[in-house]
Each structure stands twice: as C-alpha cells, then as structure tokens.
Amino acid sequence: MSVQVVSAAAAAKVPEVELKDLSPSEAESQLGLSTAAVGAMAPPAGGGDPEAPAPAAERPPVPGPGSGPAAALSPAAGKVPQASAMKRSDPHHQHQRHRDGGEALVSPDGTVTEAPRTVKKQIQFADQKQEFNKRPTKIGRRSLSRSISQSSTDSYSSAASYTDSSDDETSPRDKQQKNSKGSSDFCVKNIKQAEFGRREIEIAEQEMPALMALRKRAQGEKPLAGAKIVGCTHITAQTAVLMETLGALGAQCRWAACNIYSTLNEVAAALAESGFPVFAWKGESEDDFWWCIDRCVNVEGWQPNMILDDGGDLTHWIYKKYPNMFKKIKGIVEESVTGVHRLYQLSKAGKLCVPAMNVNDSVTKQKFDNLYCCRESILDGLKRTTDMMFGGKQVVVCGYGEVGKGCCAALKAMGSIVYVTEIDPICALQACMDGFRLVKLNEVIRQVDIVITCTGNKNVVTREHLDRMKNSCIVCNMGHSNTEIDVASLRTPELTWERVRSQVDHVIWPDGKRIVLLAEGRLLNLSCSTVPTFVLSITATTQALALIELYNAPEGRYKQDVYLLPKKMDEYVASLHLPTFDAHLTELTDEQAKYLGLNKNGPFKPNYYRY
C-alpha cells in the first residue's frame, strides 16, 4: 500500500478523467459548470494528457525533507498551494486547455494567457512493520548492559520507534558537531537548530517569573559558586531556563535526559550552543540513554558535587559505576515519586551516603505541578495523539493522588464518565466524595474507552487486563516510570505492532482486536505534547532552592537521609509567583501573630499541615 499527496495541478486533472464520458449537458447539470467550461476542460483529441500523473504503482517516491511517515501525517503535508481545482468557473475568466496539456486563462477581451503551473508533488511511503528488536546503533557499538541498572524509563528496545526528527537517520553519537565557540563537549540531534531553540527558551522565560527573579537577586552574589551540578531531567524549554538560572547563580552544569522521548531537540541544541554540555535527543535507544548519562558523569578533570535527578536513574548509575564520587557529592535533589521511592529504599538499606532533598513531596510540587499541570496536560496529550472526543467516553484512572485528581477533574469537566481505582482508603474516600465511582480495574476493563495510570507502581495494567480490553481502547500513563503498564508482555510473536503516528502504536491481536498504546507506556504529556510553563516555574524554582540549601548547608545540618524542603522555602516559592496575578497578601498584626504563635514573616503552617 502506498499513500500519495499531490499538488493542486495534479488534483485538477481528476475531474477531467471523470468528465470525458459525459456530455456537456450532463456535466452542466451534475457539476454546475457552464457548457463552455466543460468543453474547455475536455482532453485534446488524439490521446490523453501528456502531463497526467502516472498510475500510483508507477510513481516513484519523491525524496526530501518532507517525505516519510511523519510528513504524510502532518497537516502541512497535504496543503494545497493554489485554489481548489473544483472551483466553479468564473463568467469572466474561463479555464481552457492548451494543446500541449497545459492550462490557459481566457480574459473577457479574448486574450489567451498561460496559467502558472504548479509542480506536481508526491509523498509516498510503503507500509512497514515495526521491528522492536532492532537497534539503530551501529554493529559493534558497545552496549551498556541492562544488568548494570534498570532504567525508570526502560525502552524495551524501543530504539526502532519512529520519532519526530527521523529525517536524519544518523545517530548523534556518530556525528562530529561543534558550536560557534568551537566546543564539541555535547551530543545533540542537530546543533543548527539552536536559533529556533533559543526563541523557545525566551518564550518560556516570560512564564517563569520566579526563576527570573532569582537571577536578578543573584547579580551581586553567587550562592552556587563552585557548584558542579550533574542533572538528569526532561530537557525542555522550561528546563533550559532552570539550567541557565543555575549558571547565573554560579554553578557549572552537565545534563542528560531522564526520558528518551521528552527531549526537545531544538532546545538541547540551544543549550549546547550556549556552552552547556548537554547529551540528549528525542528518540534515544536504551544504549544511548545510558551513554548520555555516562558522558555527563565520567569526565576527565571534572567531578560533580551536586545531583539533580528525575526518576533516580542518574543517582543509581553513579552508585553502580562510580561510587567513589559520593565522597565529594554534597547532596541529591530528586523530583519524581519514582526517584524518591528509590532514595527511600537506599536509606532503608543503609546505602544512602549523602543527604537527599525530596522535592516531589514538597507542597509547591504536589499541590501545583502534580495537580494543575496534569489537569491541563492530560487533555492535550490525548487530543494530540488520538483526536478523541471526551464527552460520553468511559475512562478509568488508576490512582487518586494529586496526578490522578488532576486527570479525573479534567476528564469529568469534558463530559467523560470517570472511574477510579485506588489502594489507599483515604484517597479512595476523596474520590467518592468528589463524585467518582471507586472500582477494581477488572470490573470495568471490558467497557472503558481509555485507561490512564498514575500510581508510580509497577504492573498496574497487566497482560490479562490488556487481553480483556475492548477494541480500540486507549492505554496511557501519566506517571514518571514506564513500568505501570506491562508493555513487555505485549512484545510477543502473536501480536502485531503498527506505528500509526508519532508516539501512537496499534497493538493488534490475532482476532483483529487492537488497543491504542501511547508513548509506549511512558509519560504521556511530556512525550506527546507539552505542559504549562507557569506551573513548571514553581517546580523548577523549588529545585533551584533545594540545590542552594543543600550546597550551602553547614556540615551536620543534614545527615545521610531524605528530607523535605523547609516550609519557609515552600512559602517563598509561592510568594515569587503571586505578582503574576496581581495578588496582595494580608499581613498579620503583632497581636494576631502573638495569638497564633507565629512569626509575622512565616512560616505560617507547621510541617504536619496538609494543604
């Protein structure tokens, strides 16, 4: 099977073939064309149009940057450069055919002029079966063994997946690139995209007021002077603003991506152009993922003394490969529930040898990023990937933490019928009081249209659940890790995988039933769409302050354990974002502060308070 997209000139010839067997009167009655116009559109006697397009089977594919599956599915790919060929004829300007097959315009005074020709364009591609066991890396490339560490974004050999930037199949690891300063200490998809990425970063800066405020306040002092931060997070425009803020505060940074699909290539290029050693691109393989992390850590003459992690992969890699580095590392800042869980496991086993800050459970992360960010981005991710209408659809959301609450609220507001699964009786009661029906997954799995996981756990959706799903059920994950959906169980010979668009796979059973799997079970919003910049400003500011706190803390303040961000800093982060809304805080009087037993400047709530 092949798909062709043709230009207006080629499309204009379609009605000629259909009209050749009609009399002028029949054509006039059926298409509303004048008899003169029909006669003018008829093919010349003695043969077909010499410029008529060849049969589909004979047309060669046209190479170039617009070809390929991504281009064929892009709205721009089918854009018609001129007015429709089926437009009703103008009484003053009629189309005629030259004897050589070209078009002509007849003006009212009888003058005949040749119409401008459009170049015929074809975009053609053949159906290809996805090979999930094939890696794009060259034969002989060293493999960073899976046994060394299990990634929280384990790709399950997804390197063969198509990505949005697949026009250049050469791996960035095989390219020799330098920025304008002559540095090659980076690895990105294409350094030439830096200018476009810079514009995206500048747009993000407008929605990240707290980080910009930190830059201004740090002009006279550098609280991170001497800090060498190695980071592993999603590389987006918002992350770039954070990295450049850390640089303005005096830190040196090296960065890799925590998710193989969430990197914005143009932003990574802009950071590399600015002198940041960045090792990331969209669509990394499993080997690429660990290679990028290793390039950030294993550097001659440079050793990190701070870690900023999202998912725990960077921390785990250093523990496994370079444990001696922890002698100089002052602390770890972890953003996600998956990474925090791994830190608590290390602490429980007595293997956590530095202080760690749990940003995920800070108020400003839980109550804003997890709730409001997911409430908006879940709809965006589903709409971009599936074009689905939400009204009346039955959806089950696994987990009713802050992420689950945001997803449920958004879908309910769009008219969906929402079910919730939950293990915690407190969260379960909250779901019931919010108007959602609490169920077990196997009770509704046959009837729901969408399954969304947001638990931070593993194997929440098993092969048994997947087998029982209805045809065309959409399955996706809003948690950090790709372990919530048992995707590995779907990579069996009896099931067929078809990539239908970027980050969208149809998994087809032998009886013809199919499910729609989004982002191969990885984080939906950052893999398939984007997230609100303003909310990420809150999280990024929390991360920056956590790094400052751990780096400057006197010896002995923090032991080898996992800590929450001090309440005073949570309140400070929130206060930096209030001016955006022209919000004005009420101040306590001395009498009121004394009555409540509070400092007038905060903190205003005890650590045990639940917002």
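Glycine residues also receive a Cβ, built from the backbone N, Cα and C atoms like all the rest.
Considering Ser74, Ser107, the record held by Swiss-Prot lists Ser107, annotated as phosphoserine. Just one of Glu221, Glu286, Glu300, Glu335 is listed by Swiss-Prot for the same substrate site as Thr236, Asp310, Lys365, Asp369, and that one is Glu335. Asp369 (substrate binding site) carries a helical DSSP state (H, G or I). Note on the binding-site residues Asp310, Asp369, Glu422: the fewest other CB atoms within 10 A surround the CB of Glu422. Local packing around the Cβ, expressed as the count of other Cβ atoms within 10 angstroms, is greatest for Lys365 among the binding-site residues Lys365, Lys405.
Gly401 (NAD(+) binding site) has a Cβ environment of 20 other Cβ atoms inside 10 Å. If you take the C-beta of Val403 (NAD(+) binding site) and look for same-chain residues 6 or more apart in sequence within under 8 angstroms, you find Asn370, Leu371, Cys374, Cys454, Met478, Gly479. When Cα-Cα distances from Thr338 (NAD(+) binding site) are compared across the binding-site residues Asp310, Lys365, Asp369, the shortest belongs to Asp310. A 10 Å radius around the C-alpha of Asp310 (substrate binding site) takes in these binding-site residues out of Ser336, Gly401, Lys405, Glu422, Asn525, in sequence order: Ser336.
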